[in-house]
DNA sequence: TCATCTATGGTTTTT
DNA sequence: CCATAGATGA
């Protein structure tokens with residue numbers, strides 16, 4: 001593993017610690033500008049510390065300053081500090097910030113990383129204690145499910161009624177709680193048709209046999225090792241003088257145990273978090289961990305960071321009003337020095353498409369600058385949704401009006417089909433015994449090796465007690481396979497052997513090798529021959545993958561890295577408005593934030609409430625809190641009375657969270673088309689007269705209590721109507737104004753290409769918008785500038 | 001073995 | 001409605 005240099009990680013320098021303090025006669029510059037609370041959090045170095053850091057209170061700043069302080073005070077060498085984060089991105093940013101605070105590149109911090117990355121390092125050193133070899137492979141979710149599927153099928157369980165995916169979820173859940181098969185409590189015995197525990201046990205055996213681990217194992221194995229081998233634990237307890245944990249409210253039981261075990265040495269643990277931002281309960285995070293901190297670490301110092309540097313007072317007050325409804329909080333009151341600012345804006349719409357239309361226009365008008373306000377760049381605006389399916393309405397709309405956008409948190413780079421395939425090839429080349437990888441690529445691209453041929457290979461391997469690749473060799477030698485399939489398999493097996501030799505050649509550039517593998521295996525050609533619209537993008541991604549190799553010394557190091565890494569944010573092009581889920585937005589901030597879809601059932605999500613009751617509702621509320629607190633200057637909340645869900649029209653009530661918004665901090669905008677604003681929604685945003693807005697606002701606000709949209713005449717009317725069927729089909733729009741300058745050069749029947757939708761045929765033309773029937777994506781209206789002739793698909797103007 | 005049809009089910013997501 | 005996975009026929 002290339003990023004891990006053992007010598008560096010554990011090299012105890014000969015100079016005594018006390019003398020290794022960086023001579024700092026000058027006052028530490030990293031303390032400049034910290035407020036008293038931050039300063040306390042930075043300077044309280046010894047003993048347990050809980051840093052309760054509200055949204056936008058300079059948490060990262062305090063955390064990095066603390067690390068800098070530890071080093072300059074000579075409290076610990078960089079390699080004696082354990083600093084844990086949840087994402088690689090945050091880990092990387094922290095490293096950068098510490099370096100810049102100290103004004104020099106710190107001799108790396110080998111133990112600053114994600115839980116998983118750190119556990120990989122540790123587990124490689126002690127793999128044998130849990131029956132693994134130190135070169136174990138890390139399975140991704142896909143491999144995990146395929147493995148479980150094999151088990152389920154082998155046990156002749158009906159995989160329809162008992163999907164392997166579900167079993168994967170159950171096992172994950174158990175691993176999150178640090179339960180080995182033997183430790184799964186009897187209360188769980190009914191899981192997966194009473195076979196859950198048993199299958200979990202088989203699965204673990206299978207993993208061991210494959211010398212593989214899944215993500216959950218990384219933590220679980222380390223906890224097991226620490227618990228069963230006190231000598232090993234003691235070594236690390238001694239080594240890690242200071243421990244820092246980011247986003248502590250998101251830790252699960254396994255992570256909690258792991259931390260607690262390590263912290264029992266020096267007891268210098270600083271956990272940073274915000275119970276109000278705990279939004280990952282559904283994947284095993286335990287808010288209880290942070291709520292219990294003072295009990296776990298008696299005498300802990302609790303520091304509250306409450307000065308907010310991000311949002312206006314109205315936004316903070318609105319957020320506070322919502323989160324206040326939750327019980328059992330540790331409690332923080334955010335305040336700000338700012339005095340100016342708009343109230344949180346609230347607007348209701350007839351349906352989801354109108355909401356998208358309105359937001360589209362609002363985004364545009366904000367980026368242009370409106371009502372005497374400074375323009376807000378598209379980069380500074382974000383639409384935060386509860387569920388990713390809500391994104392489509394916005395994508396469709398923005399595509400139509402030609403508003404540049406980016407979707408954050410789509411399929412992760414390393415999760416993409418082509419990347420996983422390519423990785424599987426690399427894995428096979430590096431370790432010929434990686435059966436799961438071989439299974440993945442044996443018939444990708446198609447080699448005429450279908451189920452039957454693969455079963456033969458499996459049998460040959462099993463009968464000879466060897467790997468699949470060797471099984472394939474034996475099968476070929478025995479003439480157990482003939483014809484085209486055999487020839488292709490021969491080529492593949494020979495290729496793999498050759499590539500494997502090349503991985504061992506120190507003179508062989510791994511980058512070239514990777515290209516050779518993808519080329520010779522026919523994988524590149526496979527996508528070149530593919531005419532689907534996504535093929536060019538996939539080839540692009542493969543190029544990216546090759547480029548990413550440059551940062552590594554060899555394929556092994558790269559594979560290691562990619563198994564754990566996720567962020568691949570290649571950003572190009574001009575300013576774009578961001579669309580993402582609320583979960584993805586945590587930790588980010590934007591001057592202008594839109595929060596659509598605040599309807600009961602959607603947000604808070606019905607499923608959360610059904611499955612987790614009050615706990616679920618409270619987590620949803622924290623999500624609302626996270627959403628509002630992302631906004632720096634303008635926060636716009638909206639809801640729609642009707643929404644098409646799975647093709648059916650459904651009406652909904654505004655979210656109960658809307659009732660929780662304190663009236664004094666909310667401005668209710670005219671629900672276009674429903675209340676006071678005439679018929680059309682289009683045009684309301686940018687051209688609504690201030691008088692109308694003001695009138696509607698005072699009308700609604702003169703009422704006692706909350707900014708209660710329920711009681712607005714428009715809302716009532718809407719309610720009455722929505723109990724029936726929507727009157728107006730949402731996609732039916734007024735005639736577009738034809739902009740003569742923009743009239744396109746296309747005519748009906750032209751074959752065209754669109755970057756996202758692929759190839760299609762022009763059906764109709766309306767001004768600068770084309771009605772196109774796409775081969776794959778169906779009929780859509782798209783602005784002409786995003787379209788090119790089909791034969792010029794290479795220079796799409798994106 | 002591959003392409004096309006049909007049924008199914010459908011938050012949130014990192015590692 | 002729409003994406004996707006598994007079953008079915010060529």
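Every residue gets a Cβ built from N, Cα and C, even glycine.
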Per TrEMBL record, range annotated region 'Disordered' [choices A:661-685, A:686-710, A:711-735]: A:711-735
Local backbone state of residue A:60 (ATP binding site), from DSSP in three classes: helix
Nonlocal neighbours by CB distance (under 8 Å) for residue A:55 (ATP binding site), same chain, sequence gap 6 or more: A:274, A:276, A:277, A:308, A:310, A:311, A:319, A:334, A:625, A:626, A:629, A:630
Mean per-residue pLDDT computed across the domain 'UvrD-like helicase ATP-binding' (A:32-312): 90
Shell list (ATP; ref centroid = CB of A:53, A:54, A:55, A:56, A:57, A:58, A:59, A:60; cutoff 8 A): A:62, A:274, A:305, A:308, A:309, A:310
Which of A:54, A:56, the listed binding-site residues, has fewest other Cβ atoms within 10 Å: A:56
Distant-in-sequence Cβ neighbours of residue A:57 (ATP binding site), under 8 Å, six or more positions away: A:38, A:305, A:306, A:307, A:308, A:309, A:334
In three-state DSSP terms, the structure that residue A:53 (ATP binding site) belongs to: strand
Same chain, 6+ residues apart, C-beta under 8 Å of the C-beta of residue A:60 (ATP binding site), given in sequence order: A:90, A:93, A:94, A:97
